[in-house]
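Read through the structure below, which is laid out as structure tokens, and then see the notes.
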Amino acid sequence: KPYSQSESLISPFMVRNILAQFFYQSIVLVTLIFEGDQIFEIPTGRQLGHAADPTQHYTIVFHAFVVMQLFNEVSSRKCNGEINILEGIERNWLFSSILVGTLVIQYILVQFAGDFAQVTPLTIAQHGACILLGLGGIGVALLVHLIPVDWMPKMPESRPEEFEQEESEKDADVGDEKSEDRSITSPHEPMLPNGVATVALEEKEHV
């Protein structure tokens, strides 16, 4: 159905999805930063300073963050409470191509960019863990449907008087243009289009 001009751009469904992804990704990233070295049994990347070499620890943090954003794009395809977020994705070849292309570029960046991107190559297991964390965001997007949307805060609507003022200003501008068009013709002559009236006025002045 059409949306009202005064309706908020962000719906309660979108607020629910945004909050869910915010908390999920925040928990994942904080856990990886402070416990990732122990989870993956790798040297820590914390408190090494800017001059230190890139570490697998912070490369995993970076890689997991990007992958979660990619899968969040899939979760955000439906923003009105639909459960099947994959519906019609096979028909949107552009979206699928961008998604796959970004994932491939991200893999190449992590494996081969080195000092240029301040990363270090990861193992297949570490790549797989980052992919699973990204898929976890889709799981969160599905589980969040258990939360009633009525519990979400409503975003403020645009004030209707703003739109009424804009419409009145547009009407006033149109009225001024019509008045200018009438002023180029004599009150005793019939109303002519703008271009015709200008030509007639120039002929009179020439005579």
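Backbone N, Cα and C atoms are what each Cβ position is placed from, and that goes for glycine too.
Unlike curated records, TrEMBL annotations are generated automatically.
As recorded in TrEMBL, the features of this protein are as follows:
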DOMAIN    1-146  domain 'Cation-transporting P-type ATPase C-terminal'
TRANSMEM  12-34  transmembrane segment
TRANSMEM  54-72  transmembrane segment
TRANSMEM  93-112  transmembrane segment
TRANSMEM  124-149  transmembrane segment
REGION    156-197  region 'Disordered'
COMPBIAS  171-183  compositional bias 'Basic and acidic residues'
Worksheet entry | Other parts of the chain folded back onto the transmembrane segment (54-72), taken as Cβ under 8 Å at six or more residues beyond its ends | 21, 25, 28-29, 32-33, 36-37, 40, 42-46, 48, 99, 102-103, 106, 110, 114-115, 118-120, 122, 126-127, 129-131, 133-135, 137-138, 141
Practice prompt. Give, as a single whole number between 0 and 100, the mean pLDDT over the domain 'Cation-transporting P-type ATPase C-terminal' (1-146).
Written response: 91
